[in-house]
């Protein structure tokens, strides 16, 4: 009879979760054992078969057919001999009679011989090839893992090959599907600019590098990531962090500047104009309801709501470097003496010397340099002198607000009247007792929270007591603290593309929803209002403000910034109560809860009031443009599938050379299915195996840009436009999909893969890329900042996108060439050896007799000819790595599958046929013409067929002649592989020579030690006798030369 509480992700601790700032947990264990998500989703190991392996299976079937044909020929031949025993003198030697002495039924004899031939010739089926391929692929994986060029030193992350059976597919990729955020970019978000109420605040000083300022009676000091000459344009800044000051001192000593790159995304320099507006009126003077606020205060109320939204509309976890509470410490300061010296020396030339006395373990100091009220402001449009704070003495913070120990700011004196570089300063130094650290689900959230922190709206504390959650923020300029009661959190999902939080304002108890999300999701949910003349007095949703915000969103997108819209909604108690009842019902629903929850979220996130928008920079990774350029030159079509808006994605596409300056861009952006169905494709396509490259002058360069909404029509419509879309996409050299959901990423890849039957590779770094990675022939996960979901679902794990260039163009090319050659070689050598046995059947009445000693049959493929092809499969290099990287078009060999075609398979089989004919009949015919024919007889121990007299006055037995044939086969097959080897190393030489020596050593020892181990054959002292004759070596060399002459 109690209240029902739904169980969802917000109150479930999943496996692997790390709990912070929590004293204890009370709960029960759910979904354990076989009911865990991992067990329910475990459908067994996901096995991928490479394209080469699938084609090899077809060729194995051809070998089976060829084996059946040979067995059928043997069966028919045996039946003919059995039916004509009276006419063939030697027939009784090979086809025995029945036990009662009667002749064997020819049909029954042929039937028996069919299965005898299957057993005898089954070596034609390369069973050992599958084992050899696994060994070679293991070696190839080891070579890839050992490549130092694929190791990322900064993060200590090597490449990891998680799949051992598709290494050759790396050399046949035709389409690459890539995510953008975190894959092409660093996923380190940096707050760059924002617009509030239709007014743009460029934050010109934020992220600029380097910054030059003057210390009293000292030369200009540069702060930043890179050096710049002292003669460069210098400007005053509002504040300088102690880290930068200390780095500057180190630069003066060592002529170098170092700055931790991980701190960049937390460094936000506030816009002076926006900061002045923020602190000019305390937040406590505003009411949440616009109607009760003074009209001139609408703009400032909008700014306050904007930063409150940034601070609390998130799921950020707060932690700090100290175990103490986030309060000012009263313990003695060990650095107070140094701080006093800095304060005393600030008006003299001794300040740099005092700063040098700081120990290396000194915590970051916050240096507040008092400047004069007239400062030079650098903006994109003008350079003028104007008072920053004419009404008071304020500080502009960097990395914090001005009223706590994390402040970085500068006080401005009203009475100062001096030049730009006045030498009298009042300096105050504070030593912080802690440093707040935010841990967010995504870098975007962290960047926005740090931006609010820089303006003084600091997310200070989260708490939960009695089932009620609250969030506390500190206000800038000594505004105190505000504790908001969190009523509901509406989490982000890819369908709504936004998240919200419902809170109760502590000042008047009013309920407010703060929402942020993609512009397409927020702008469509606004409540429109009538326009006004003055932006500062217009309501949030006036047409003018919305239009100006859209213009700035487009502007941000064109310069490559990621955009988010910030909004809010003020709720009445009745509205909230009504929604809460419906929402509770949706939570308790067991059948359709997911959809009902989404509908509930959408119902609340309506009639929003637009506050503004943000622009966040996500920089490209090193080497991305060069990698995409090389992939395009290699004939690979590159698709970038991202959730960003079109302008942002297009700008990044141009930056990373996905879109060239001379490319013709086709945009498929529509909101109605009718328009997308009306377009037509009226150009001719290249051949099925031809793919346009950068150097293809005959075809115009086309790049397609399409958004997720265009791809999100009902299935019936998608089927109608699928063929047109694929036809156009195939013609384009690059495709850019923007505003795509995670599900659409996988659907688009599957559409291209199924329609065009091409080899695809997907690369991403987050959970939203998993569907795309799993659908592709090869999935590559980047171990970035969005967890390990992509890596765990991938076949290969990289640290940087640029590593894909060498992985495909070098290792992919090598692995494909090695395995293609090795597979064809295995088919060849097995067929050549089996054909030798088959030709002998002509001489022995298709009786299943064999002139090759039985032990040779057993270990010919296992020992004598097994190691050299394995070495070639791992180490052979047809082209060196530098050439492959310099000429990416060489990769087309794998795309067109030139090395392993049906034609090449049959060519190798014909080669085996030719070489077997030369080895068998050349030895037989030539020596038969040279020497006299021997006789045939049967002994008690074994039947021996004396075919030839190679030596005068010496009879050559069947096993002796078979030993000569086997030796010739070993030489021909191994030298054939040597001719196919492109790069010789000492390992190749050792394996080739070692295989020959092992053959002779085994033969010499076996013929003496175990001559009668496999009766009826008796090879006693055969090899010892033949190797002493010149005729043996002459015949081997002659046959080898003739057999390999075509090669």
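Backbone N, Cα and C define each Cβ position, glycine as well.
When the ranges 792-812, 855-875 are checked against TrEMBL, the one recorded as transmembrane segment is 855-875. In terms of Cα spacing, the binding-site residues 492, 562, 739 all stay beyond 10 Å of residue 179 (active site, 4-aspartylphosphate intermediate). Other than 179, 181, 765, 769, the residues of this chain whose Cβ falls within 8 Å of the Cβ centroid of the Mg(2+) site are, in sequence order, 178, 180, 182, 183, 642, 763, 764, 766, 768, 782, 784, 786, 790.
Among the binding-site residues listed here, namely 181, 492, 562, 643, 739, 181 has its C-alpha nearest to that of residue 765 (Mg(2+) binding site).
When each of the listed stretches 855-875, 958-979, 986-1006, 1026-1045 is scored by C-beta pairs under 8 angstroms to the transmembrane segment (112-133), 855-875 comes out highest. Taking CA atoms as the reference points, residue 181 (ATP binding site) and residue 769 (Mg(2+) binding site) are 11 Å apart.
Across the candidate stretches 823-843, 855-875, 958-979, 1026-1045, the maximum count of CB pairs under 8 A to the transmembrane segment (986-1006) is reached by 855-875. With the fewest other C-beta atoms within 10 Å around its C-beta, 739 stands out among the binding-site residues 562, 739.
Non-local neighbours of the transmembrane segment (855-875) in the same chain are 123, 128, 132-133, 135-136, 139-140, 143, 818-819, 821-822, 825-826, 829-830, 833, 966, 969-970, 973-974, 977, 980-981, 983, 985, 987-988, 991-992, 994-995, 998-999, 1002, 1006, 1010, 1013-1014; each lies 6+ residues outside the stretch with a CB under 8 Å from one of its CB atoms.
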